[in-house]
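Colleague: One structure follows; several queries about it will come next.
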Amino acid sequence: FGLFLKCLHGYMSGFGNEHVSEDPRCPGALPEGQNNPQVCPYGLYAEQLSGSAFTCPRPTNKRSWLYRILPSVCHKPFKPLKEGHLTHNWDEIEPDPNQVTVLERPLGLHTLCGAGEPRGRNGIAIHIFVCNASMLNRCLYNSDGDFLIVPQQGKLLITTEFGKMLVEPNEICVIQQGMRFSVEVFGETRGYILEVYGAHFELPDLGPIGANGLANPRDFLVPVAWYEDRQVPGGYTVISKYQGKLFAAQQDFSPFNVVAWHGNYTPYKYHLEKFMVINSVAFDHADPSIFTVLTAKSTRPGVALADFVIFPPRWGVADNTFRPPYYHRNCMSEFMGLIKGHYEAKEEGFQPGGASLHSMMTPHGPDADCFEKASKAKLEPERVAEGTMAFMFESSLSLAVTKWGLQTSNRLDKNYYKCWEPLKSHFNPNCK
């Protein structure tokens, strides 16, 4: 990581803040008092990246100004590129409401499930990835929406137009719509991606919790400006994800040539250990929404297009309470993943890097062994999920599993339903 440490000067903190950054190699690169002067300092080009409509209210207006060596318009025409197992076709296979568990994954980027479509700017897709090679002279940008990336194994050194971010397991990062990025890996790397069309991630409203708690804004980190003025005679490939398809264009220079920038539309990262857990201290469960890190709101108040929820280490102290997650049928779709450790409701069979999908109104909950242990446990204060980090992508949309997920991958645990078969009746009409 010597090159990384040499090039990276730190991060700026704060979620959704107005940030200002310039590469220290070019002091004064930011224009003073305006965005688009007749001639920019150092002969740079001014370019605005808009993440919202110009007329959005000020609290939701997202844009940043980039001052770069060459504007990003300088490239050859885009040509179609094979998508592999990346898709937004949710009708390629008949719906299946059953509980789904995914075991290990093959190399590549694979779409597991989703709903909606990018042209209508409403929907989500969930992808899983495994890679062992870096993107060399290649970058990607997503015209369809935002990527929330959850690494599970291996570090990601992500170069963006705004600077560099090192993202490790137990951290997440968000690359917002239209931002160009390239990823360097250091051996086999795998993880999960939540893609959201038509909305940006926000911090959830806190309501009666008050001003502090959950994910605090200051703990979100934004990269500082870093540029490379590099010609690529053999061609630099810019990949665009557009309307669910991939296209590639060629140019002869690095796109990471932004010397300075300012604005509130940026990539960012967050360490999950920074999450301030709120929990019940009397009896019963609070709803799992208290573990929401980020939310992408729908047009209906209080209903999320997608929530990113975590289940971090915490204290369990509730009296007269079945402490693991309860049995549940939900009007939302729940995609569970595991970064490390074991999931408290299913200690066996759900491994780090795996995933499960519980579709709308499909029942789910603790397996038989978990139920029996928790029903008989002595209820003392205890650390829950120590050494563990499970998460959930939850959506108000009814998610369809892709053909690759259900059939082609051959990675499903077809015996998942059997974890509930040993559940037995404890009913006794003479015992209250």
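All residue numbers here begin at 1 and follow the chain in the order shown.
The backbone N, Cα and C atoms fix where each Cβ goes, and this holds for glycine too.
Keep in mind that TrEMBL annotations are predicted by a computer and have not been checked by a curator.
Small disclaimer: the values here were computed from a predicted structure and weren't measured.
Reproduced below are the annotations present in TrEMBL:
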DOMAIN    11-272  domain 'Homogentisate 1,2-dioxygenase N-terminal'
DOMAIN    274-427  domain 'Homogentisate 1,2-dioxygenase C-terminal'
ACT_SITE  His285  active site, proton acceptor
BINDING   His328, Glu334, His364  Fe cation binding site
BINDING   Tyr343, His364  homogentisate binding site
Colleague: Given the recorded positions His285, His328, His364, which one is most crowded in terms of C-beta atoms within 10 angstroms?
Modeller: His364
Colleague: How big is the Cα-to-Cα gap, in Å, between His364 (Fe cation binding site) and Tyr343 (homogentisate binding site)?
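Modeller: Distance between the two Cα atoms comes out at 14 Å.
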Colleague: Please report how many Å separate the Cα atom of Tyr343 (homogentisate binding site) from that of Glu334 (Fe cation binding site), as a whole number.
Modeller: 14
Colleague: Counting across all protein chains shown, how many other Cβ atoms sit within 10 Å of the Cβ of Glu334 (Fe cation binding site)?
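Modeller: Here the count is 22.
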Colleague: Could you tell me the C-alpha distance between Glu334 (Fe cation binding site) and the residue listed as 'active site, proton acceptor' in angstrom, no decimals?
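Modeller: A Cα-Cα distance of 18 Å.
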Colleague: Please report the number of other Cβ atoms within 10 Å of the Cβ of Tyr343 (homogentisate binding site).
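Modeller: Neighbour count, Cβ to Cβ under the 10 Å cut-off: 26.
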